Structures are given as C-alpha cells and as structure tokens.
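Visitor: Before I ask anything, here is the structure I am working with.
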Amino acid sequence: MLDSPHNLYIKKFMLCYIIYYFLICHLYNHIFNLREIMLCSCGNEAFYYQKYSNRHLCKECFKKDIERRAKKVLGKDIIRNNVKIGIGISGGKDSLVMAYILKELFKHIPNAKLICFFVDEGIKGFRNIAEKYVKEFCKEYNLDLKIIKFEDEIGYTLDEIVKNDYLSKLNIGKPCSFCGVVRRYLLNKHALKEGCDYLAIGHNLDDFCQTILMNYVEGNIKNIIQFGKEFEGGGFVKRIKPLKLIPEEEVKLYAEINNIKYQREPCPYSSLSYRHRMKKVIEILEEEKPGVKFSILRGYEKLLKYLNVKEEIRRCEICGFPCSGNICKVCSWLIKLKEIK
C-alpha cells in the first residue's frame, strides 16, 4: 500500500530533523573539543602550541616557561648575591630578550648588578639605528649601558675596513670574520675592565644547532671543540648563554608579548647564504620530528665529554690578553693595518 502524501511529508520531515540533529551534535562536539584542546593546563585560553612538548600555553605560562629554561641554564651558581653580569647587547631580538629575562631573574637578588655593552662597529644606516633601540631599552628598564666603538678601540670603522679593501690585504674572506673576532675581543676586554663575573651572549637554540651542524658538515673539528668550551680566568670572563634552550620562534614570541621593540633589519655585511641553508634543513627536520633541535644540542654536549683536548693558552705579547700564539689575532691584524696604511 502506497503512503499517502501526508505520510511521505512526515517521513521527509523526520529524516531532515534527524540529519539536522546529528549535524548540530557533531558541530557542538567539534567546538567543545576544540575549546578543550585550546586551553592551557592552568585553565586559561591558550595562544601558543608548543609542538615539541605537545602543550598549549597561555601567555603567562609561556612567559614562565621561557624564564624557567633560562634559569635552568644559569643555575644557582650564577643567580646569586653580589654577582656582576655583563650583557652583550646589539639591539636585535635575541640580545634584548636576553637582557629583559636577566632583569626579571635578578630583580630580587641582593647586590646583583647588570651592565650592558653595546659595540658600535661603525656601519652607517644600521648600527646607529640599533643604538637608538638599545638606549631606549636600557632607559626603560634602568640598565647601565657602555658603548664601545671600533673607531676608538682599533682606529677604524668596519665601513672603512671594507671600503679600503683591507680585508683582502689581511687575507680575510668576509667582513663577518673580522667583525666577529674584534667584537668578542672588545666585549671580553670591557667586561674584564668592569669587573664582571660573567658575560652574557644572546645565542638561541637555533643558533647553536646551525653552528654545530655547519662545523660537522665542514669537518671543522677545532671549531667544534672551541664552540663548546667555556674559557674563564686568566684574562677571560666566562661567557653564559641564557637563551641556549629557547628556539628562535619563541624568542620572537616572548619579545612580542612583552612589547620589546628591537631592530629587525639584518646587518648589510652579513653573509647568511650557508647558514640560511642550514637553517632551512633544521626547520625541515624539526617539522618532521618536533624536538630535533634539542636532540642536536644534547648530542653535541655528550660528544664534548669525549673531546677533552687541552689547548695551551699564552699571553699576547702586545695587549696581554690570552691567545694560542705569541700575538693575538686582533693585535696581529692591527700591526698589518698600520703597515698597509
């Protein structure tokens, strides 16, 4: 017997109602589950998903997590009374975030002193802009600032070194090779002069991984060993790296949520081609296996325990600073520059 038009209408209505009901239930469950996933463990709304830990973090818990890791790197021996820490500050995100975190970690430590060192290499249109960011930051957070100029210290700006083709005459391939050595020399010199117990450098986890893998690929065993060494005493101020366990992405995010203004433009002399390619390789590995950056660092630190190579440290005959030969690299360059000029 055929259904009447009335019965067919009722059946169609019931079918539509059932479909509608299931769709609403599915949508409700999806929204509810999504909401549940996007909550931080503290109950607040999450704003960041940390893939390698499989955690959703709210802004406050994210901030605490970053500072906890920096504190873990430093340890109780460094976070203590009557300590003086020099901070190498450039105006970029890493150094300013590092300075901000150190300010937070030491704000309740009696007689702890922080002093920032800003090295002005003399790069027009770049370093003068960075200096403005640094001065504003140090003023806002009441940090002592000492500005160190290449021109005052070695008699030349980096612009002059490059413009006059002194690099090729010194048998130096890139401006970064010259600049990096001189910067480290000057930071150590002034940290020592100011009586600092430690010198903080803003290398993040990505920087570590890139340098480690670049040295592996190039087979540069000497650099692999020296990169992990922490020289101290006898003319060296021990270097500390509070951002060692913090990925670059999270350094940027920390700067954003704390409204830290920093210089975003890269140095015009920076040569990022090889490092940039290595960065891409690490990003691919991290995407496929979250946490691989930490694995690279841990593996390297384990390897260092087996590379117990002792290098004889001498004193430079000119400046008195520690070096491996009779004259340190900076003094040997300055001698050659005088001969060239």
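Cβ coordinates come from backbone N, Cα and C, glycine included.
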Visitor: Among Gly75, Gly155, Gly195, Gly202, find me the residue Swiss-Prot lists at the same ATP site as Gly88, Arg183.
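Guide: It is Gly202, as the record lists it for that site.
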Visitor: Besides Cys176, Cys179, which of Cys61, Cys116, Cys138, Cys267 does Swiss-Prot list for that [4Fe-4S] cluster site?
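Guide: As annotated by Swiss-Prot, Cys176, Cys179 share the [4Fe-4S] cluster site with Cys267, chosen from Cys61, Cys116, Cys138, Cys267.
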Visitor: Under 8 Å Cβ to Cβ from Cys328 (Zn(2+) 2 binding site), same chain, six or more residues apart: give me those in sequence order, or none if nothing qualifies.
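Guide: For Cys328 (Zn(2+) 2 binding site), the qualifying residues are Tyr185, Cys316, Ile318, Cys319, Phe321, Pro322.
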Visitor: Out of Gly88, Gly202, which has the highest number of nearby Cβ atoms, where nearby means within 10 Å of its Cβ, if these are the binding-site residues?
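Guide: Top count of Cβ atoms within 10 Å goes to Gly88.
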Visitor: Which one is it: of the binding-site residues Cys42, Cys61, Cys316, which Cβ has the fewest other Cβ atoms within 10 Å in this structure?
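Guide: Selected from the binding-site residues Cys42, Cys61, Cys316 on minimum Cβ neighbours within 10 Å: Cys42.
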Visitor: Cα-Cα, whole number of Å: Cys331 (Zn(2+) 2 binding site) versus Cys267 ([4Fe-4S] cluster binding site)?
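Guide: That comes out at 25 Å between the alpha carbons.
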Visitor: For the ATP binding site, please report the maximum Cα-Cα distance among Gly88, Arg183, Gly202 in Å.
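Guide: Per the listed residues, the maximum Cα distance equals 14 Å.
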